[in-house]
Amino acid sequence: MNAPIIDPLQGDFPEVIEEYLEHGVMKCIAFNRRGTLLAAGCADGSCIIWDFETRGIAKELHDKDCVAAITSVCWSKDGHCILVSAADKSLTLWDVVSGEKITRTTLQQTPLQARLHPGSAKSLCLACPLSSAPMIVDLNTGSTTVLPVSVSDTGAGLPPPSRNKFSDGSPPFTPTAACFNKYGDLVYVGNSKGEILIVDHKNKQVRAVVPISGGSVIKNIVFSRNGQYLLTNSNDRTIRIYENLLPLKDGLKVLDELSTSCDEVDEAEKLKAVGSKCLALFRDFQDSITKIHWKVPCFSGDGEWVVGGSASKGEHKIYIWDRAGHLVKILEGPKEALIDLAWHPVHPIVVSVSLTGLVYIWAKDYTENWSAFAPDFKELEENEEYIEREDEFDLMPETEKVKDTDVNEDDEVDIMTVENESVFSDSDMSQEELCFLPAVPCPDVPEQQDKCVGSTSKLTDSNHSGSPLSEEAGQNGQAMNHASSPVEEDTGGTRLKRKRKPSEKGMELQAEKVRKPLKTMKSSGKISKIKNKTVVEQDTDSYVFADDVTDEYH
């Protein structure tokens, strides 16, 4: 779709289901950084990579050691690797181009979500297990570093002791959410007490705490693409947007300065004072009528829209707000529960996954505005009489005379340099980013010739019974050629055409017609006499002899 002809007054958000993807039972999805490839984790342990431009499968990653359902998929920043977490407690890093496993690590708990480090360190990932604290996992060595999820009274940053423990001795936790910031030097952890913890993952130290009103369990936490806003989804059925007050780079240095300048004596109060200077509540979103829970919230690619998928069973609803807090659209899909969704990084497209395993693509219902081509272009509702100007057909009309521009035609034009897109202008990636996968042609399935031969013989036997009419009578405006076999194959080799056996009278009449050609007569539907033989004139200017028809019936 050409961007100039789109009406600028229309909202830049999806409206209708454009298409759906089907391959097995898909559970989770993720776009690569450019939005050209879509990865989907399936219930059988495989990972499908779709070419989003052609809607075709570009690669299928399948580990014979993994037959459990995939819980999350995550692309590396350059698009060459995919991190897959599965229900069998495994983390697998794949090479996208070769389709081979790079490394595989098994955790003690099932990872509900795993995210690669947003920088160049592909071996580090952040995993959120089912019933334990978030951890940093080194995929090369398999070592794990458990992150703190609360601040104790002593300020040690460790969780309080609990009587109920797992078999491995780790204390139980309500499932927590965590995410990296834009450059991966800090981890933002949402705990079950309704707090956002800003953690230095290298030193396992809580640097700031931001309490949330209500103190509900935080189920989801995610940054916008530009790193300026933070989104949280809590059990109180509210989505909250926080403005990030820290700089995108060197956030640790700013935290050190804030901690030094703070005069609070109590450690917990000091962390809250620092947190108030790190995050500021910007807006909260909720359905004030139905008070529904939210399954998966996220930002749009440019951060202008906030989208939340309903967690209600039996409905596929997606709510879209602008950052000002106004509800602009409710997308209603099929009667299937929604389990995951993602917004395209560049285009106004939302991709959602239903409980049945189908992936629905929501796109914009475009209304073209052709007046955007020129300011004097006018769209007409009905025809109008046009009166030409007096100088309209002059060689140089007065209205089109313009001054010559000072353009040096000898200057070289640079056609090799590619301008950076505004969405990716802050990228520090090299030109080795993977955007597309080479297409692998699939061989055609050969047709079974035995079935064709069998069907040919059956049709041949049925033709001897004497059909009164032929299916191809007079296709070319001439009499039929009866010299061919009763069964004749089409050029495609799949469709069979039937021909009836000519009668003796028909052969005689045809011979007389060759000796004395008939004059071509216009098709009028009338019956004429030709040598005491009745001929029915059809609309196709071909002749069917009535005697031949009666002979076939006899």
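Residue 1 is the first one shown; counting continues down the chain.
In case you wondered, yes, glycine gets a Cβ from its N, Cα and C as well.
Given the structure is predicted, the values throughout are model-derived calculations rather than measurements.
Per TrEMBL, the features are:
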| type | residues | note |
| --- | --- | --- |
| REPEAT | 26-60 | repeat 'WD' |
| REPEAT | 70-104 | repeat 'WD' |
| REGION | 448-525 | region 'Disordered' |
| COMPBIAS | 454-484 | compositional bias 'Polar residues' |
| COMPBIAS | 503-515 | compositional bias 'Basic and acidic residues' |
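Break the repeat 'WD' (26-60) down by DSSP state and the numbers are 0 helix, 23 strand, 12 coil.
A mean pLDDT of 95 is what the model gives for the repeat 'WD' (70-104). Counting residues of the repeat 'WD' (70-104) by DSSP class, helix then strand then coil, yields 0 helix, 22 strand, 13 coil.
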